[in-house]
Amino acid sequence: MNPGFLLSIITSSLLFLYSCENPNNKHSTFNDTTSKQSVTTKEPIKPIHLPIVSIDKVELGKQLFHDTRLSKTNKISCASCHNLETGGVDQEKFSKGIHDRLGNINTPTVYNSSQNFKQFWDGRADNLLDQIDGPIHNPNEMGMDWNSITSILEKDNEYQTSFNRLYEGGISSENIKDAIAEFEKSLVTPSRFDRFLEGDYDAISESERHGYQLFKEYGCSSCHQGKNVGGNMFQKLGIVKHYFSDTSQADYGRFNLTKDEADMFVFKVPSLRNVALTAPYLHNGKAQTLEEVIQIMAEYQLGRIISKEEVKLIESFLQSLTGEELEPSTTEILTQK
C-alpha cells in the first residue's frame, strides 16, 4: 500500500478515536480567559504568508490570465473558469470550455493555489508552471498549443515590449507560463481567521471559535490543516464508508495517474480558504451547500453524524476563512523586480 496514503488513514483514525473518547470536548470552546498565546500556538491551521512577487511579472501574468487568445476559439481565458470575482471559480458543477464542451471534474479555486503541494484534484502537476499546460492542451478546455500561442502573441506589440523587458528570450512558452504563475502566486487571501491565529482573539466571533473547536475535535483538521487549510496531502473519499454509488472515470482520482489500487478514489484534499464562496463542492460538484458537504464529510470520512446545531457552528467557522485579495502593488506584499 502507498505509505503516504496509509499514514493519512492512521492520522484520521487516531483523531476519530480521540473525538470518540472525549465526548465532553464536543461542547467545549475557547473562553475569555484563554490567553492569546495558548490560542495561537500548536494549532493545526497556520497563518498564510504573503508572497514575494515581481510586480511587473504579476501585471503581465494578469493580462495573460484574462486573454481569450490563449484558447482555440478566442473565447475562453483562464479567468473564464477561475473567475476572480466569484471566489476564483465559476460556481458551476463542471466548467464549459471551447465549443461549450463540458469538463468532467469541478474547477478548484485559483486563490491560494500556490500554497498547494500539488495541482489538480489528482495531483498530476507538481507546481503552477506545470499546471498551466493542462488547460491549454485540453481539447475540452482551451484546445491550444504553445506554438500557436507564441505566434499570436508575437504579433502584439505590447506583449513584445513587456516580454523583452522582463525576460531573456522574449515571448516563449516557458516565459508565458512563468508570468501567469507569478500572477497566480500573488492571489493570496488572508482572512480574519489568520488574525485570530496571530493573536487577535476577537478577530472571530464566539460562534466561529466554537465552530473551530468542533472542527478540530471531530477530526476535520486531520486533513484540512496547515497554512492552506488543506491542499497538502492526498486522501481517499470514503474512508470509513464507501461514498460512490456509480462512478465515472474522474471518480477514480489518483488511480487514473498511478494505476495503483491504493490510489482508487484518492484526491488531493482541497483548501478550505474561501470555501463559503466556491460552491458546489467535492470533485464531482454534487454538494450544493456548506451544510451538505459538512454532513457528507462527517459521515463518509469520520463515521459521525453531526447535529444541525454543530453543523451550523462549523459552517460559521468556515465563513471566517473568507479572505480578501490583496493588490500585488500594495506595500503589504513584498516585491522583487
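We number each residue from 1, going along the chain as drawn.
Including glycine, each Cβ sits where the backbone N, Cα and C put it.
Sequence annotations record features per position, and here TrEMBL assigns domain 'Cytochrome c' to 56-187 (among others).
Same-chain residues at least 6 positions away in sequence with a Cβ under 8 Å from that of CYS78 (heme c 1 binding site) are, in sequence order, LEU64, PHE65, HIS66, LEU70, VAL110, PRO135, ILE180. Marked as heme c 1 binding site by TrEMBL: CYS78, CYS81, HIS82.
Under the heading domain 'Cytochrome c', TrEMBL lists 206-322 (among others). Residue counts for the domain 'Cytochrome c' (206-322) under DSSP (helix as H, G, I; strand as E, B; rest coil) come to 54 helix, 10 strand, 53 coil.
Packing around MET297 (heme c 2 binding site) is summarised by its Cβ count: 23 other Cβ atoms lie within 10 angstroms of its Cβ, all protein chains included. Annotated heme c 2 binding site per TrEMBL: CYS220, CYS223, HIS224, MET297, in sequence order.
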Between HIS224 (heme c 2 binding site) and CYS81 (heme c 1 binding site), find the distance joining the two CA atoms and give it rounded to the nearest Å. 24
Could you list the residues of the same chain, at least six apart in sequence, whose Cβ is under 8 A from the Cβ of CYS220 (heme c 2 binding site)? MET297, LEU302, ILE314
On a simple 10 Å Cβ count over all chains shown, which one of the binding-site residues HIS82, HIS224 is most densely packed? HIS224
A 10 Å Cβ contact count, applied to the binding-site residues CYS81, CYS223: which residue has the minimum? CYS81
